[in-house]
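J.: This is the feature table in TrEMBL:
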- A:1-32: signal peptide (SIGNAL)
- A:42-65: transmembrane segment (TRANSMEM)
- A:46-435: domain 'Ammonium transporter AmtB-like' (DOMAIN)
- A:86-111: transmembrane segment (TRANSMEM)
- A:131-151: transmembrane segment (TRANSMEM)
- A:158-180: transmembrane segment (TRANSMEM)
- A:192-213: transmembrane segment (TRANSMEM)
- A:234-251: transmembrane segment (TRANSMEM)
- A:263-287: transmembrane segment (TRANSMEM)
- A:299-316: transmembrane segment (TRANSMEM)
- A:350-370: transmembrane segment (TRANSMEM)
- A:382-408: transmembrane segment (TRANSMEM)
Amino acid sequence: MFSRKSPTHVSKRLAIGAAALVAVLAPTFAYAQDVEYLTQSNANILWTLIAAALVMIMQAGFACVECGFTRAKNAGNIMMKNFLDYAAGSIIFFLFGYALMFGADAGGFIGTSGYALGGITEADLPWTYTFWFFQSVFAATAATIVSGGMAERTKFGTYVIISMVISGLIYPVSGHWIWGGGWLGNLGFCDFAGSTVVHSVGGWIALAGALVLGPRIGKYTEDGKARAIPGHNIPLAGLGVFILWFGWFGFNPGSTVEANDAIGLIAMNTTLAACAGTLGAMVFAWIRFGKPDISMSMNGALAGLVGITAPCATVTPGPSIIIGLVAGVLVVLAIEFIDKVLKIDDPVGASSVHGVCGAWGTISCGLFNVDGGLFYGGGVHLLGVQLLGVGAVFIWAFGTGFILMNVLKGVFGLRASKEEELKGLDIGEHGSEAYNGFQLFSNE
Amino acid sequence: MFSRKSPTHVSKRLAIGAAALVAVLAPTFAYAQDVEYLTQSNANILWTLIAAALVMIMQAGFACVECGFTRAKNAGNIMMKNFLDYAAGSIIFFLFGYALMFGADAGGFIGTSGYALGGITEADLPWTYTFWFFQSVFAATAATIVSGGMAERTKFGTYVIISMVISGLIYPVSGHWIWGGGWLGNLGFCDFAGSTVVHSVGGWIALAGALVLGPRIGKYTEDGKARAIPGHNIPLAGLGVFILWFGWFGFNPGSTVEANDAIGLIAMNTTLAACAGTLGAMVFAWIRFGKPDISMSMNGALAGLVGITAPCATVTPGPSIIIGLVAGVLVVLAIEFIDKVLKIDDPVGASSVHGVCGAWGTISCGLFNVDGGLFYGGGVHLLGVQLLGVGAVFIWAFGTGFILMNVLKGVFGLRASKEEELKGLDIGEHGSEAYNGFQLFSNE
Amino acid sequence: MFSRKSPTHVSKRLAIGAAALVAVLAPTFAYAQDVEYLTQSNANILWTLIAAALVMIMQAGFACVECGFTRAKNAGNIMMKNFLDYAAGSIIFFLFGYALMFGADAGGFIGTSGYALGGITEADLPWTYTFWFFQSVFAATAATIVSGGMAERTKFGTYVIISMVISGLIYPVSGHWIWGGGWLGNLGFCDFAGSTVVHSVGGWIALAGALVLGPRIGKYTEDGKARAIPGHNIPLAGLGVFILWFGWFGFNPGSTVEANDAIGLIAMNTTLAACAGTLGAMVFAWIRFGKPDISMSMNGALAGLVGITAPCATVTPGPSIIIGLVAGVLVVLAIEFIDKVLKIDDPVGASSVHGVCGAWGTISCGLFNVDGGLFYGGGVHLLGVQLLGVGAVFIWAFGTGFILMNVLKGVFGLRASKEEELKGLDIGEHGSEAYNGFQLFSNE
């Protein structure tokens, strides 16, 4: 058996002989004294690690979606922000974030131990390493949602700070309230895989960022009418949505952090809600705009996925379809409302997909949960707790995001120069272009 | 332990303490009374769920391949069809398809129970949910194959109906014959992971669709000579092929639906056949056309994968290479035959890759199976059954597909208007473009 | 239970009833006589197979990175080389390579048995098939690294031979030294997952190839100044880096080839080093060039991953960050040194990322290993062995690569014609274009 502290002069490959030997000696399903079985604790490590890898590839999905839905001149910058979110976010989450989220509880509001995983006992380490890995890709997800809402006009240097504050402070604190032993979790707040903990937090900060930044040049006419700024690479965006969907099979079922028999239902609910979200947005946009809109349909898939994230383990398949359908319709309405009524320019609809549909998914627990849901005879108690949590996290995430953006705006400046924005951030911020050799239409 | 019906006020994260505790208490490989082990049934759930996720990402692969091998002006429409196939297909497969395929057998021809998974006992649910998830991504695969053959000229609204009929009726019925307890399976028909059940069915419906639709404008000259209409994004297509290949490691080994020691051979056979298919098509095209053709080589990889899907668990590595090589050569010949002799315009070669090579793979079981194969002393019995099944499924899939297409052609119209086709379906059907900002050559 | 040799007339789907039955009969975590548990040997097969699938998708990652970082006119050719590497490599590795690497040791230098997996006992086969699958994707990785360094100017026909010699001879021989029971492993050389075995070998052959080929037309001015030839598709390259990162969670943790409790640490170290590598390159390039360079940052992520590959199982998280940071800085320096000082034209920086950072990662074991590392009180013994191994493998890989390239140059010619290179290899070598319909700037 390979040991974490085996002398380095023992090549791991020597272990293979032993493993093969075991395979020889162990006729499958025979219950002899000398046959070894996989322990449940190692099975949990295995499943959680695989699930975490699936969540990690969602970084690629986000990058493709955000990139595809914005303009070619900013494509490299979007990729960079997605790399930065993950790179800086993981290091910060290792040093601080994990401790604030999962450390010893202080008054229900914040964790206070385990900086850089310090103080974990030797025996706890294998699980803690695995669980940290799983949680780190969740933290990266929250941070990366924000880059979409702030796309095409944010100074890269300032964005680095924003990203680090999200992964190191804003995300872990509300995460502690719900998953770390804090006050919301203690009230019975239901958010199995993070509609609120991850998605709404990201979505509301994105909304704050988009608001403080102001709209992209040319987004609104002089009389305040919103103009569509179409994305430059729809196949890339579509690929990104499929990759995100794929990763969600780690995100939701993996949130058991245990190899048990609950994961099948969770995966099925996740699929059904995503499919229903796609159909909901497609049909609703078809009726509303006269044609089945491509980017709305793709956002509908994501809306369904975000929506089912909270209730995926606590509802049955039928309601999952309803939750997804509603999310699909809701995302179309929310995108229009934020774009045309609030006049906040969120280029990829991050606040609608993750903020609004995250809130909807969280609230839906209060309606459809087999234990405690309003429609299952549970009364309004759970629904009340869900609404309270959604409201509290909105105030926390939007509020701290709004303050952060304004402080950084004053200190370093938040927005790229007009010239940079017109030429594209790729040239201005990074001195390069994303599509060398291709003839692009001039911008403006 | 997390329970599907745990009171919602118990945060799942509280379970982590318990899991970590188990990790502490359970020295790996010690066989004390208090150490828990992973049950085989939960291991089967775990493996089947992971495999299903791998099959799901094949939706991204199909989307990329079909998109890359067709023209830029239709790229968004292709993505939409792929989303629609999966979205509508899963819901329909939940409501009807699964019951027709795996429900109580009626006369060997169709299943008749389990609509919307009704009537499953509580104890059966964890496995059924998981198995449904696995099967739903198979159904989506069959449906999505069709979109490739009908690319660049089909009305989107009509396509929605086609896709739903495939997932809800055509695919489940022949699937029942083979995997659901029907007559073909009872005859001993061998199709381990679906060369016929999934791929041929999709390929033959695609052929029917392409035939009824007629060729794209400009595909054939006035004197009936085929003209190549090259794809617009070969790197995207190549990425798609790699993604499909990756997903096939869920498709084939996952078809054990059991975590056992057979999966290694299946994965190895899958790899070898895919590699041999790539080489077969590459070298054959090199000899035939004077240069190693890129899209033929990529189709060769898929041909090898489709071919090995039926026999992957019942043959040894050497024959897997032969099966793949033959598939690689066959796909080049089939594409040319369908294109130039039959003059059916299948833009991505879906009927050749999935129909023809699916049939070849199924027949190859009759030749190479270690038990029953002609070359292994098994006589011609199995070969006969395989040929019968290939023929019967061709008649069913092509026949119902042909009728369906003609009915829809009469009722709603199957084909987009000439103007739409020339401008591109993205504009005509969806009111948008896939590559905003890029300068494209004018079409026509 | 599905048996590899079950009579083919038993449909696999019939097994599902049995599996479902087991699920019914086996209340989770009850320890009755009749409950079955997953054996450790089958768990090892399961984990190794899943990890191998993750490593396989790295082929897509390499293809995207190489394609995105080079010019549009050669994009199809790059994809073809990546397919060829995997396709030919796996077949060759099956026939010869695996035997040379893992067969019975001859004098510490080479393996000599197991051609085409011959001579493996029946009982060993399930594990051997799985282990072969895992190793075959490693071999493909080594071969495919080389295509990047030789991009945009190599004759395809000659490249086929190069690729086969790498997978069938160069890679397996040095692999045998370290992982197959050879002299370096016996000295205690530490390379857990292949910084040297896989990455450096690929990187040094790439360097030899780039050297013998000479620079691309236009790469150096008449007075010898290096000119940047920017890549044509940065989003594709970014997606490729994320896919590689994802696959690395199979590459590194999967190298346990055992489902045990060590994989969490390995995954965590892998993440932290990759993140630190990204930041290291980003910040260093920012300081050095005045702007955060996109392709350098992406190469930084890969540099961190390559660096942590050797020590991932033998160091703790803190040093992993240091190893990644150093790799990130190092890759920027190495790319500049090779480009500007050595004047070797490696279009994607393959020799810097895989060669130099692979060497650094291997050496870092001698510094940071908890057992035997210099900074952990282990003295210089291990460090000496690591340096010896790095040097020996450089001599072997670069040396044989250099000889091979020169021989092929003399016999078949290594370089495409000037006209082909100017027009693009897609047209010259394959008679097609990668981006039909797009308006590209004329090249030269």
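The backbone N, Cα and C atoms fix where each Cβ goes, glycine too.
Because the structure is a prediction, the values reported are computed rather than measured.
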J.: Are there residues at least six beyond either end of the transmembrane segment (A:382-408) with Cβ under 8 Å to its Cβ atoms? List them, or say none.
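T.: Apart from its flanks, the transmembrane segment (A:382-408) reaches 146, 158, 161-162, 165, 169-170, 173-174, 177-178, 184, 187-191, 196-197, 200-201, 204-205, 207-209, 211-213, 355, 359, 362-363, 365-367, 369, 372-374, 414.
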J.: Taking contact to mean 3 or more CB pairs closer than 8 A (sequence separation of 6 or more), are the transmembrane segment (A:192-213) and the transmembrane segment (A:131-151) in contact?
T.: yes
J.: Under an 8 Å Cβ to Cβ limit, what residues of the same chain, 6 or more beyond the ends of the transmembrane segment (A:350-370), are close to it?
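T.: Residues packing against the transmembrane segment (A:350-370) from afar: 145-146, 148-149, 190-191, 195-196, 198-200, 202-204, 206-207, 210, 299, 302-304, 306-311, 314-316, 319, 322-323, 326-327, 330-331, 334-335, 338, 344, 376, 378, 380, 382-387, 389-390, 394.
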J.: Establish whether the number of Cβ pairs under 8 Å between the transmembrane segment (A:86-111) and the transmembrane segment (A:299-316) reaches at least three, counting only pairs separated by 6 or more residues.
T.: no
J.: When the pLDDT values for the domain 'Ammonium transporter AmtB-like' (A:46-435) are averaged, what is the result?
T.: 97
J.: What parts of the chain pack near the transmembrane segment (A:42-65), using Cβ distances under 8 Å and only residues at least 6 beyond its ends?
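T.: Same-chain contacts beyond the ends: 78-79, 82-83, 85-86, 126-127, 130-131, 133-134, 136-138, 140-141, 144-145, 147-148, 236-237, 239-251, 253-259, 263, 298, 302, 348.
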